[in-house]
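As given in Swiss-Prot:
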type: BINDING; residues: K603; note: ATP binding site
type: MOD_RES; residues: M1; note: N-acetylmethionine
type: MOD_RES; residues: S1049; note: phosphoserine
type: MOD_RES; residues: T1058; note: phosphothreonine
type: MOTIF; residues: 48-58; note: motif ''HIGH' region'
type: MOTIF; residues: 600-604; note: motif ''KMSKS' region'
Amino acid sequence: MVQQVPENISFPAEEEKILEFWSKHNCFQECLKQSKLRPKFTFYDGPPFATGLPHYGHILAGTIKDIVTRYAHQSGFHVDRRFGWDCHGLPVEYEIDKTLGIKGPEDVAKMGIAEYNKQCRAIVMRYSAEWKSTVTRLGRWIDFDNDYKTLYPQFMESVWWVFKQLYDKGLVYRGVKVMPFSTACGTPLSNFESNQNYKDVQDPSVFVTFPLEEDENTSLVAWTTTPWTLPSNLALCVNPEIQYVKIKDVARGKLFILTEARLSALYKQESDYEILERFPGASLKGKKYKPLFDYFIKCKENGAFTVLVDHYVKDEEGTGVVHQAPYFGADDHRVCMDFNIIQKDSVPVCPVDASGCFTEEVTHFVGQYVKDADKNIIRMLKEQGRLLAAGTFTHSYPFCWRSDTPLIYKSVPSWFVRVEPMVDQLLKNNDLCYWVPEFVREKRFGNWLKEARDWAISRNRYWGTPIPLWVSEDLEEVVCIGSVAELEELSGTKISDLHRESIDHLTIPSRCGKAPLRRVSEVFDCWFESGSMPYAQVHYPFESKREFEDAFPADFIAEGIDQTRGWFYTLLVLATALFGQPPFKNVIVNGLILASDGQKMSKRKKNYPDPVSIIDKYGADALRLYLINSPVVRAENLRFKEEGVRDVLKDVLLPWYNAYRFFIQNVFRLHKEEEVKFLYNEHTVRESPNITDRWVLSFMQSLLGFFETEMAAYRLYTVVPRLVKFVDILTNWYVRMNRRRLKGESGVEDCVMALETLFSVLLSLCRLMAPYTPFLTELMYQNLKLLIDPASLRDKDTLSIHYLMLPRVREELIDKKTENAVSRMQSVIELGRVIRDRKTIPIKYPLKEIVVIHQDPEALEDIRSLEKYIIEELNVRKVTLSTDKNKYGIRLRAEPDHMVLGKRLKGAFKAVMMAIKRLSNEELERFQKSGSIVVEGHELHEEDIRLMYTFDQATGGTAQFEAHSDAQALVLLDVTPDQSMVDEGMAREVINRIQKLRKKCNLVPTDEITVYYNAKSEGRYLNNVIESHTDFIFATIKAPLKPYPVPTSDNILIQEQTQLKGSELEITLTKGSCVPGPACAYVNLNICANGTEQGGVLLLENPKGDNQLNLVKLKTVVTSVFGVKNAKLSVFHGETEIQNQTDLLSLSGRTLCVTAGASPSPISSPSTLLCQYLNLQLLNAEPQECLTGTVGTLLLENPLGQNGLTHQGLVHEAAKVFGLRSRRLRLFLNETQTQEITEDIPMKTLNMKTVYVSVLPTTADG
């Protein structure tokens, strides 16, 4: 049985219930079972570390993945969704080092690798429960039970296989390179890792002198921001083609050499120095200089402490003289190698250990952390007279992505994968991938690939997949292992785990007769593992070989833009190297989520709300929709604002929920009042003649087509705004314009058609929105599905909305002409609303006229066809349509598009702009028709000029109008006040107050109430308004409206006093309807005879319980009251003809059709008595003339709108009802007989009231 929908909803609480429902029915796994035989859609999930809690970046990427994979399932695919965990590498080790106070390799050696890795393993899944809880709570369907972890032996074995493939292809080598080095983690990083975390920092800025051996009074001046590298200086480098100068420092009396372009870096005024000589840098080549320190003086034997030349030196900063520390700078290393200052087999001049501290060679600073040693080195240079100037320099500098500490550049031996020879193939494969947004492929990722460098894949660490190379001591003999079986065979040992503690001790016999081969000490960079994820997660090629190859490359992946230098890159490098093809076909790249102030989100700064608290407060659907409906899905940044999530709930989810609630309310009303059970069957729904039904159905089908196209193109950022717009269309337009139809005010048949339309649209919208808002759509669907005719389901499994396939576009329902017509109507209404807002005239107050001016007659015809909606929505009496601008003083005005024309016309723009503004109305009309115009010699088109209407209020007697326009239409609204309209506005205010009280009591429309009122105003104004608008108020509130007092027997629901335009109004709602309808049984009549059609009412008894009609009497009364002469009448209820034996009282409240011919066509049946009426209550006399009732009913009109009752007629008819024609009567509005009904009381104010009949005594009675 369909459930009533509460007015108030806690979205988070309802989502928790949906989670229980999914869990109880194992919906996700069932979903996978159902789709097992469908075509596969392959999705790779990038593995996060579980050593930290999920943040908004994870939530965003997870939401994108969930939306696309849900969509793929609903599009007819089978989608395996396995969660993955990155378990190795620096993030884990760094946490352990901090916890255990480990400073370097010596501490690990003392502990032992086995114990160290045991500690790492223990925290790998530290936050896995929180991850699972948050991901599940967000509504993401992903398989945690069948996850993959990079620490699984099967995963690690596949990583070995990947590496061996590369090794066998000659893509692996060992080299010594200057690399980014994390002193906090004690390991080198790859170039793409070092590019992930740049910060602006202040470093020392020092100018140091290097006296020439040939002339110690002349010094080269070098500049550096890393004083700690100066103890390792082996050379200086200049640019051979730049002009250098020898100058005399006036103050110091010394001679210095530097580039002429950088003199300003040292001297503020030219008078501070004298240029003695100019020469190219090439002339400095080979000159010897005095070293700063003697730590590596032996290197002088190999040509150290010499001036070298290279074009990498620039004169844009520094002095044009660069100090060379070849083991701490990549360019330094290359140049010194070129000039044989160092050789491949040289002992490295690298006096810095893995912790970033000076080793014993640097005796003055041994044990000092290099950055801390800067100030001490500067002090020593000053003492030695080698410091020319010192300050600070702000620049962007790389930090370790894990420890957030500054990196240094340091030469270390590492294992590399050759990437540089692959660049062309990488670019080619990148072009085969579809990127959303496109610019990421071309710009960010493409540019990165063009500059790709060989990848350092080894880390001098412990917790990771060991590099499977067994080597001789001299590294001449190398065996690369590609599987567990291979290692077991070569080592003769059974293996159960592949971590260092399990295999480091294993040796392999040498084929060359050398000592047994031992494994190299390094482990893989964890990015190598995640890049191997497509193969390793399925243990390829050891298992699932066919399945993997059939499903590779992946159909879809998604991550943040930072992964262009991370996971996206490593995936592409490995897939290109292994298979020569890209690893994925489609990729969505999201931007970064920042704090509301634009800064990076920081736990330390606490500058963002906790994601769990946001979900608990607003729900996951609101958070999901907020993130997806933002620039972040276009790879732009998003400043996260809590109020944005709140607004999604308020502006999208609540209105959508209320439309659904309104639908359910009216399904209940239909069943209760009309005894019609609503069941939807899309195969038997009749085409509605109502234009708004056709419009909203067409709009939905157009949306479906757009949804299919854009989702297939992975453009979520275009889909969500359209879905959100449709919620607005549905709630603020369709439901609003059809409230009366949906509430049954236009008859049962039309009500059912409107409900069918709304049901169809609600269900389709739920199916489209299901991937985006999985909870709310499930909540609605669980109730809506109970209204689907089982005969139409065709054995589909309908337990969850997420089992349903997406609806297909029904082209036959698309009606673009109707969509355009309604769009034009909406524009008119919106323009009218702007005018009302501008003049602060509430919509409750009716206005006389709206004039719509449009140059397109077809547009005006469209607007004419929807005129009644304009009248209702803008509350106007009359709509006037015209193409005559001049009649109303309307002229055209032009505004240039500054951006478009300014860019195109440049210097000529100003003159063209002025000329555009001077164009006459006639010229602009010609431009409006032709679409082009020549201004100042430039041909301009529609995209260059914006036309607007202007309104001259003083022209042509139009002073009563206010105007507003858009590009196509201008609307004039007559805002002149009119008393009858003001009165109606007051009546609407009364209705508004009553409905608000209803809402306060959480009443639904089918709850029966009585409304009592007490109005206090000057001259009884408010009383008069209420009395004269009683019918209007009742038609809206569907409840009896009575003046005070409130009977003591009534059950009061709520009572409230309010102010209304200076009047006091007290309203009381009581439970139950004090006037449930006519006291006597009745039927509504629809009479079709003699070529005319009439409506009216017949009372089947009067007074109650007496004077009952049979069929013969009914026909006689019809002939008399409705003037039907000379016709043989037949009476029908629906399609069934009434027979003589029919009990007419059983048909009370129904509508009968009286015809002089065949069975009538179906008619709508009003839910209340068709004519106005009042009830009679006899107070103090027994009925006469054998009549037994004391309660009766009088019709104030019959037929409908005819034969209105007068006061005299009321007295006469009351006496007639009770057989008291010979008695004098007095009539009262209350039982206490204090409010007598006199001739000056309008009869229409008595509608639906009870009139109390008092019989005056006769002489005989006395």
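The backbone N, Cα and C atoms fix where each Cβ goes, and this holds for glycine too.
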**Prompt:** Across all chains shown, how many C-beta atoms besides its own are within 10 angstroms of the C-beta of T1058 (phosphothreonine)?
**Reply:** 15
**Item:** Cβ packing number for the residue listed as 'phosphoserine', 10 Å threshold
**Value:** 7
**Item:** Length of the line joining the Cα atoms of T1058 (phosphothreonine) and M1 (N-acetylmethionine), in Å
**Value:** 40
**Item:** Counts by DSSP class (helix H/G/I, strand E/B, coil) across the motif ''HIGH' region' (48-58)
**Value:** 3 helix, 1 strand, 7 coil
**Prompt:** What kind of secondary structure is the residue listed as 'phosphothreonine' part of, going by DSSP in three states?
**Reply:** strand
**Complete:** Here the 10 Å Cβ neighbour count for the residue listed as 'N-acetylmethionine' comes out at 4
**Request:** Using DSSP reduced to three states, classify S1049 (phosphoserine) as helix, strand or coil.
**Result:** coil
**Request:** For M1 (N-acetylmethionine), name the DSSP secondary structure in the helix/strand/coil scheme.
**Result:** coil
**Asked** Could you give the Cα-Cα distance between S1049 (phosphoserine) and the residue listed as 'N-acetylmethionine', in whole Å?
**Response** 35
